[in-house]
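The annotation DNA-binding region is assigned in TrEMBL to 86-129. Summarising the annotation, TrEMBL assigns compositional bias 'Basic and acidic residues' to 341-362. The domain 'Homeobox' annotation in TrEMBL covers 84-128. Per TrEMBL, the feature domain 'TLC' maps to 131-332. What TrEMBL lists as region 'Disordered' is 341-365, 377-398. The feature transmembrane segment is assigned by TrEMBL to 136-155, 180-199, 264-283, 303-328.
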């Protein structure tokens with residue numbers, strides 16, 4: 001059964017244009033073509049990148065964060081409570097009012113204290129500032145290396161300057177060693193991101209990130225197997241261009257260098273919007289959809305690779321909307337809004353505000369002890385009993 005599945009999966013009708021078979025893609029001593037088995041190397045390489053990342057964050061990024069003044073906020077710890085801890089781990093991390101009342105009765109605690117316990121427990125699970133700094137440093141280091149590696153590999157390739165060259169001789173385009181290692185580097189990195197997803201900082205677009213990583217891995221893998229390597233290299237170098245500015249923006253934000261952060265974010269926004277909404281559709285989407293049809297007729301691989309590219313483009317539009325909104329707020333307010341993808345930390349001040357509001361509703365002023373007669377007299381003012389309050393709210397001296 002496995003053999004039948006393997007034969008069905010690798011039918012040349014799926015992977016190659018009409019009129020081309022796997023016999024036409026036979027390798028010789030001088031000509032090498034992409035082989036699907038080569039992609040298996042990306043798994044051990046990805047695990048190697050994970051080890052390198054751990055060493056980099058501990059030996060370089062973490063000490064650097066201390067030297068640059070990145071300090072983790074002191075968070076009040078939740079008091080040990082087995083019942084609440086069990087509910088937090090098995091049921092819900094943010095219970096509703098009914099669940100809070102029920103838990104308060106079971107624990108014999110005020111509802112407000114149970115609510116505060118969950119607030120502090122959620123804050124304890126949120127990543128520290130130094131963790132965010134280390135993650136941004138690692139990604140910035142990789143994107144810089146990857147982007148300049150891509151430029152070094154592609155600067156003398158004809159398809160970088162003339163996009164129609166992506167299809168010259170397709171699919172019988174020999175695999176060059178530099179392109180193979182560039183592909184392996186990118187694919188291994190995205191596999192490493194998948195492996196570390198449970199441990200990385202989770203943002204509000206976590207699901208979109210999973211879709212992005214899956215689409216990227218499928219796109220890189222399929223483009224390699226179907227020898228879409230020329231178009232694949234363009235996709236990768238375009239993506240790395242804007243990411244080189246995103247990560248340092250985060251780094252300076254964690255360092256609280258506000259002006260530098262704002263300036264870098266504006267540069268990142270411009271590069272992202274131009275590269276993802278202008279260059280990518282013209283250089284890649286139009287190229288694969290229109291120019292390729294001048295060389296061959298549509299087949300399964302044509303539709304599949306375009307579907308993956310369109311999925312990436314939809315994600316580009318989603319993130320572009322978030323960026324445009326932040327830029328709009330910056331232009332109106334003159335200050336950069338917090339990252340809309342970040343999960344903000346809850347403050348115990350919310351609980352204090354609620355107490356004040358409750359006291360005010362009951363007619364008790366927060367500073368009643370400060371405005372006592374004795375305190376006013378000690379400060380040289382007239383006692384309150386020498387003043388008469390009129391019906392219109394004004395004070396009349398006696």
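Just so it is clear, glycine is given a Cβ too, placed from its N, Cα and C backbone atoms.
Taken as a whole, the domain 'TLC' (131-332) shows an average pLDDT of 89 in this prediction. For the domain 'Homeobox' (84-128), residue counts in helix, strand and coil come to 33 helix, 0 strand, 12 coil, using DSSP.
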